[in-house]
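J.: Under the heading domain 'Beta-hexosaminidase eukaryotic type N-terminal', TrEMBL lists A:66-197. What TrEMBL records for A:101-A:156, A:329-A:380, A:557-A:574 is disulfide bond. The domain 'Glycoside hydrolase family 20 catalytic' feature in TrEMBL is assigned to A:219-538. The active site, proton donor annotation in TrEMBL covers A:375.
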């Protein structure tokens, strides 16, 4: 990233030392006024002193303000005014996608309001009147600016997938920006970047600096897990999270939709699962149309929806609506009345799972299905005489990991037959010798030392891996814990280049024990944004926490401005504070 | 029936926490709280004396809260009339259901009225609550009229909250209440919440929402830590440049006189005192921006370094300024107390300044800078005394041996359990009144159910005589603002602060953590229903989840 100013002998790089979001205080208005005059052509040459002031004040208004940091970025202090009355999105003449492209048409509308937040509240007119009376900006008010978008593939009606290109090039010139991408998903990332380049001066006028960006994600898989079983999250809360994910360029929503405490997914084939297993059968469920709405909202933002139906453990709530699915635990010779994991000894279990996953594979278009497979407690299986008899029959001896492996293999075969890629928690790799090669492993345990070892082992076995262990963001502590999420080095394990390529990405997990709609958003943001930069940006350019701090503070104020209640990193303020409660 | 309402007000507690990396699991105790309905329903904080019977009555929408005949406060009493409307809306979920069943006659088991009697001649309706206010009340729910009696309006407000907490919905959604007799009063007179509007500016709306939540938990003091190093959002009439220069923004990040008035009146209507804190001589960086020469210039060698330290205690202008400033504060804030801070004074800047060294010599303070601090505080206390206010100060002022007036309140905030308990013992054995905050620094967060530790702390658990214990007037939950602003304040504070509320209100022997969990789970859902985004205690659900997303 280069940020330099050429003006005689002045070479200035702004120091990232702000404690607060960039605002221009009243005392600095005078300089800005003169600056505006400079821009409107009343002086032919900007004076060095003024330019220096401008850079110090607006340092963060240059391209440094993009989060996560683009791969390469060259920006100048030359800036162009934008007016909502003369601002347009358009398709380039060579673009494969044209007007009518659902994803981009909707994105243009969305980003117009994100770029001009005052426009919606009608405040713009007020500002522009003031400016006209002031006289300094009249020159620029009506100048047209067009963002011209070109993509190579017309994938407007598809879904993003594990091999979608998200690469884009963005160039901002006078009166025009050119955004080029391979896919519409890349174009979405570029639009987000463009929206973050635009800033307002203290009079409310909008500007964008001359900028050149080439950008692409470091990792293909950049996910957020939400847990809707331990607490039910209203659809509105999920949609809002998807909005915020797009602002940080996340691209996978891992929906841990069911678990022990509740089964809110309303199944078409097994409606009893939610009518008996949800916290409430009417108010605390996701209907088919809710699910479609989430998937569609995500698609429009280039986000995949990866559903998790975790078994054989973590299934207590399933048992309420599906008799005989769970293993009855025994106390001595008689059933104790409690239930354990899914019963792996009954053929009916696999028939049920095949039917359920058939439905899931149709409802969720993504090519991945998360099968869970973690934390299986063997004590109930051990207590059950029928399970023990099954063990004998299968020749498993008393090794219950073999039983578990048998079960998972059956489930993975079911999803393979449905042409889906399975993703499972790391436990499955630990106990399963013959795990199919195209299965993706999800690391969630341990300290850096132990997850590095796990990464080495798994990639050596040729398996693809997603790393979640360092990003268990539900764990909170006092202070600036975002440092921990930012300084993770996902590829810092011993292994060949080929092995490193098998790490397809990472995931931020927000488990739901202590989280519901009341506190989800401020707990997630901007802490998850720290992980977002690690997963998108070049690690060498983004390894310094102190450099990241003012940029992340700036970004969190952007989130607040966009209505996302992202909590503060430290003392300071945003120009526009959050106005809810 | 109590059991019926169990069906509705349920929070489920289930299962081991998922996928906790092993290192952390060990830190998290007690992961499996099991919810079951408490025999005390969802009352929070638990009243001092109560009897709940199995007989239940229905509340039709014809139900009214009315002034009792002969009550000393009537239709002209704003506090009560506003409260009637507020609690009617809490009970019936706003105006939308009014009118339904109006013509229906009251059945045999219907409760038609709550009659509110203020029993003493002076209801204090037009006054402000104080540390001496009588907050007691008696509530009797019998058919067909429930009766609430309180000597003063302050007790009536608490009684209305209690009444609304007795109400529950049966499985068909009908409002029900059981026959109940309650006689209630607070264990401690001072039950406070500190919010810090300097490290982050808190929009008025957030402050008001938290006053609402405070009333739901019978807190009665809003300790407004309004200014500090980081910013000076209080717009002073006498010294407008303080916020003009010292606030984060001179217009969008300030509290105008009208804002402050609104907060005070909103609080008064809920029986809550507003105690402002203007912390000096440390924690004053933001003051210096608008008030030249107020702060001590720090020196690097023999030249000023350009940085500033605490308030300059050797200049007469300092005391002229403070006299005028606190005169304004005493008239803007009606409460009988101001909080004068006095904590964490860093002596290094004073030490560096040659004029201060000279002054020290002249006064015969030697190298003992705590004597200089004493000197400053003494003069400040004299100034504040002339405004007829009492004062609260942080414990350091006492620790440093500053001579204090006997009615000074010492606010304990430092140390671990052993240290704060011995501090409480010292303070009270010196005859001073005291407030405890150390175990209730709620800005400090950790993973898991940290409300347990908050709940277990007791301000009278220290070695001392009964007389000493009586000097403990209460405590405060503090939410310092380094990491808190409007985006996360409310869920971080609630329901964790509710744990403090019960400790400060209920009888000392109310310590059953399981029963507390059962009541608090439902109480937090009630706050959510009333629009307060109080966070969950554990895996569970509320019948009506938070909708303000």
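Positions of Cβ are set from backbone N, Cα and C atoms, glycine also.
Just tell me what is around each of these and how deep it sits.
T.: Neighbours of residue A:156 (disulfide bond), defined as other CB atoms within 10 A of its CB across all chains, total 17. According to DSSP, residue A:156 (disulfide bond) sits in a coil region rather than a helix or strand.
If you average pLDDT over the domain 'Glycoside hydrolase family 20 catalytic' (A:219-538) in this model, you get 97.
Counting every protein chain shown, the Cβ of residue A:380 (disulfide bond) has 21 other Cβ atoms within 10 Å.
Here residue A:375 (active site, proton donor) comes close to A:313, A:314, A:427: these same-chain residues lie at least six apart in sequence, with C-beta atoms under 8 angstroms from its C-beta.
In three-state terms derived from DSSP, residue A:574 (disulfide bond) belongs to neither a helical nor a strand segment and is classed as coil. Every protein chain shown contributes to the tally, and the Cβ of residue A:574 (disulfide bond) ends up with 28 other Cβ atoms within 10 Å.
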J.: Which one is closest to residue A:156 (disulfide bond) in space, judged by CA to CA distance, out of the disulfide-bonded residues A:329, A:380, A:557, A:574?
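T.: The smallest Cα gap between residue A:156 (disulfide bond) and any of the disulfide-bonded residues is with A:557.
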J.: With every protein chain in view, how many other Cβ atoms are within 10 Å of the Cβ of residue A:557 (disulfide bond)?
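T.: Residue A:557 (disulfide bond): 25 neighbouring Cβ atoms within 10 Å.
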J.: Given the disulfide-bonded residues A:329, A:380, A:557, A:574, which one's Cα is the least distant from that of residue A:101 (disulfide bond)?
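T.: Checked the disulfide-bonded residues A:329, A:380, A:557, A:574; minimum Cα distance to residue A:101 (disulfide bond) goes to A:557.
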J.: Sort residue A:329 (disulfide bond) into helix, strand or coil using the DSSP assignment.
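T.: Assignment for residue A:329 (disulfide bond) reads strand.
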J.: DSSP on residue A:101 (disulfide bond), three-state: which is it?
T.: coil
J.: May I ask for the distance between residue A:380 (disulfide bond) and residue A:557 (disulfide bond), taken between their Cα atoms and rounded to an integer number of Å?
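T.: Roughly 50 Å, rounded to the nearest whole number.
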J.: Taking each of A:156, A:329, A:375, A:380, A:557 in turn, which of these recorded positions have a Cβ less than 8 Å away from a Cβ in chain B?
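T.: Sorted by position along the sequence, the hits are A:375.
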J.: Cα-Cα separation of residue A:329 (disulfide bond) and residue A:557 (disulfide bond), in Å?
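T.: Rounded to the nearest whole number, the Cα-Cα distance is 53 Å.
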J.: Could you put numbers on the helix, strand and coil content of the domain 'Beta-hexosaminidase eukaryotic type N-terminal' (A:66-197), residue by residue per DSSP?
T.: 52 helix, 35 strand, 45 coil
